[in-house]
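Quick look at what TrEMBL annotates:
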- E144: active site, proton donor/acceptor (ACT_SITE)
- E78, H96, E144: Zn(2+) binding site (BINDING)
- 24-148: domain 'VOC' (DOMAIN)
- 154-282: domain 'VOC' (DOMAIN)
Amino acid sequence: MAEASAPAVPSTELLEWPKKDKRRMLHAVYRVGDLERTIKFYTECFGMKVLRQRDIPEEKYSNAFLGFGPEESHFVVELTYNYGVDKYDIGTGFGHFAIATPDVYKLVEEIKAKGGTVTREPGPVKGGSTVIAFVKDPDGYLFEILQRESTPEPFCQVMLRVGDLERSIKFYEKALGMQVVKKVDRPEHKYTIAMMGYAPENETTVLELTYNYGVTEYTKGNAYAQIAIGTDDVYKSAEVVNLVTQELGGKITRQPGSIPGLNTKITSFLDPDGWKTVLVDNKDFLKELESK
């Protein structure tokens, strides 16, 4: 019995690591059917800028990074185009991304003028005063446009649906060191949301986890891929994730180590609902940006 309880102290210390680590959400990765079409839409309709682009013909894919500021300090999108694949299934689990702007009405009018599809006209959110709208990009990804007077991070949310909100909150707190920055229960609409991140939601990008009453499973599709988060130590971070998955579910999908050809150290894992996160070494990530 003594041998079985011996690891308790180091495990407790290990679980403190995510809170001490220097973490930041880096980018969301997802697949698109026409890279140039999506770049045109995001730059012209949303006002994003192309930050870097690369083509990997030997692996038959291209990708592009777009955002509202440099990758060193902003959350961005990483669009992936796989040669010859022009359509993907978004599934029922992925919800939306969100962009904050000082004037929702104005931005939506500009999006309409450029041929964008508006799925919810601008107006106050039900039961509140915040003005929001929803638009759909050419591949069918939904973007919430929300009113915010000013923000250092316009690309401000990734919404994913989960089957057990309390389990997911514990997972992201323990495995990733995130905090619940806001929690809202809407019994009249039969859902609860938890905003999770590393700073208040008006200062950074947050993960919006949504639980719809009574729904425990969703389809993942093959369109949305993952979020990437920076860490100072992928090896220690992977140890923490391994411990947490034993308690709450999920699994490591890539053991920590360098990506061949890039020398950037990463590890990846699935949460209890099957959503993927990649942890990227902070110093390696900055070196990768410097060499772009």
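For all residues, glycine too, the Cβ spot is worked out from N, Cα and C.
Locations of recorded TrEMBL features on the structure.
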residue : record                             : Cβ within 10 Å
E78     : Zn(2+) binding site                : 21
H96     : Zn(2+) binding site                : 18
E144    : active site, proton donor/acceptor : 21
Taking DSSP H, G, I as helix and E, B as strand, the domain 'VOC' (24-148) contains 25 helix, 58 strand, 42 coil
Restricted to the domain 'VOC' (24-148), the mean pLDDT of the model is 96
Measuring Cα to Cα, tell me the gap between E78 (Zn(2+) binding site) and E144 (active site, proton donor/acceptor) in whole angstrom. 18
Measuring Cα to Cα, how many angstrom lie between E144 (active site, proton donor/acceptor) and H96 (Zn(2+) binding site)? 7
Summarise the domain 'VOC' (154-282) as counts of helix, strand and coil residues per DSSP. 28 helix, 57 strand, 44 coil
